[in-house]
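Record features (TrEMBL):
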DOMAIN    25-285  domain 'NADH:quinone oxidoreductase/Mrp antiporter transmembrane'
DOMAIN    289-337  domain 'NADH dehydrogenase subunit 2 C-terminal'
TRANSMEM  56-76  transmembrane segment
TRANSMEM  96-114  transmembrane segment
TRANSMEM  148-170  transmembrane segment
TRANSMEM  177-195  transmembrane segment
TRANSMEM  201-224  transmembrane segment
TRANSMEM  236-254  transmembrane segment
TRANSMEM  274-293  transmembrane segment
Amino acid sequence: MNPLALTIFLLSLAIGTTITLSSFHWLLAWIGLEINTLAIIPLMTKTPHPRAIEAATKYFLTQAAASALILFSSLINAWQTGEWNINSLTDLPMNALSIAIMMKLGLAPLHFWMPEVLQGISLPTGLILSTWQKIAPMTLLLQTSHLLNLNLTIALGLTSILIGGWGGISQTQIRKVMAFSSIGHLGWIVVILKFNPLLSLFNFMLYIIMTTAMFMALIAMSTTKMSQISTSWSKTPALSASTMLVMLSLAGLPPLTGFAPKLLITLELVKQDATLLASMVMLISLLALFFYLRLTYIITLTLPPNTPNSLLIWRTPSKSLPPTAIMNILALTLLPLA
């Protein structure tokens with residue numbers, strides 16, 4: 001892609017997110033989300049492959065439907081209350097709006113587009129889709145967290161954690177695994193959203209750090225399948241070891257970064273007398289733990305029969321390794337700080 005065009009699209013992404021973040025009016029928030037959606041579609045179709053075109057089409061149709069629902073419900077709200085203010089919402093528009101925003105985020109049972117779209121695009125675009133594209137809708141949810149329907153958020157959060165774990169078990173493509181991982185993490189964020197929005201924000205920030213570290217490691221190793229990961233140890237031992245730890249961090253094992261949000265969310269749920277919910281959330285998370293452990297087993301405990309010296313990437317320095325290393329350190333050592 002032309003560097004100028006790429007710069008324009010990335011700037012449009014940044015502008016769209018900034019507009020949504022700084023808006024106090026539903027129409028402006030909607031415009032920001034639209035700019036965001038339209039700016040990432042050319043990045044998805046950067047490689048003119050049928051899978052990429054299909055992914056971009058699926059993404060566009062889903063996001064257009066969610067945007068239409070956002071506009072429709074905010075219009076009904078303006079008709080009922082006479083205000084476009086983000087915080088002045090009545091019950092019916094609020095429920096429709098939260099469902100539309102959760103559809104944009106890819107929460108279950110509105111998640112079906114997410115694995116398909118992520119599988120069809122390149123790893124760098126997948127990184128943007130899994131992290132940057134979630135910021136604007138998540139901010140809207142956080143701003144309206146006090147108005148959300150508790151039953152709706154808990155139901156969607158639990159379903160997301162369940163499907164995030166269940167769907168990821170049978171996958172052999174790492175991008176699909178990362179999509180289901182994203183659905184599961186967003187489930188954790190949404191479950192606690194009504195009880196403690198600050199904790200949701202903290203969890204969301206750590207999710208972005210860990211997912212970025214994981215995608216950057218995959219980009220550095222240029223792997224998209226589990227079979228490719230099994231040969232990575234002999235090529236890049238240090239990167240493979242840190243990637244394995246990032247996977248365990250995503251799974252939420254102590255003493256890594258990913259344990260902090262899970263511990264704090266469980267404690268908060270117990271504090272709010274939702275002990276049954278906390279125990280269900282933790283039990284369902286064991287499904288996700290299974291596929292992360294399977295990935296760590298493949299990356300560290302399986303070795304190919306022989307790897308010729310020409311394939312040993314670690315002998316040659318790579319430009320992408322320093323930022324990958326920084327993100328890996330953040331994804332592994334933030335627990336003591338937290």
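Keep in mind that glycine also has a Cβ here, set from the backbone N, Cα and C atoms.
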Where else in the chain does the transmembrane segment (177-195) make close Cβ contacts, counting only residues six or more beyond its ends and a cut-off under 8 Å?
-> 102, 105-108, 111, 114-115, 117-119, 126, 130, 134, 138, 141-142, 145-146, 148, 150, 153-154, 156-165, 167-168, 171, 203-204, 207, 211, 214-215, 250, 261-262, 265, 268-269, 272, 274, 277, 281, 285, 288, 291-292, 295
Among the recorded stretches 96-114, 148-170, 201-224, 274-293, which has the greatest number of Cβ pairs closer than 8 Å to the transmembrane segment (236-254)?
-> 201-224
Summarise the model's confidence over the domain 'NADH dehydrogenase subunit 2 C-terminal' (289-337) as a mean pLDDT value.
-> 73
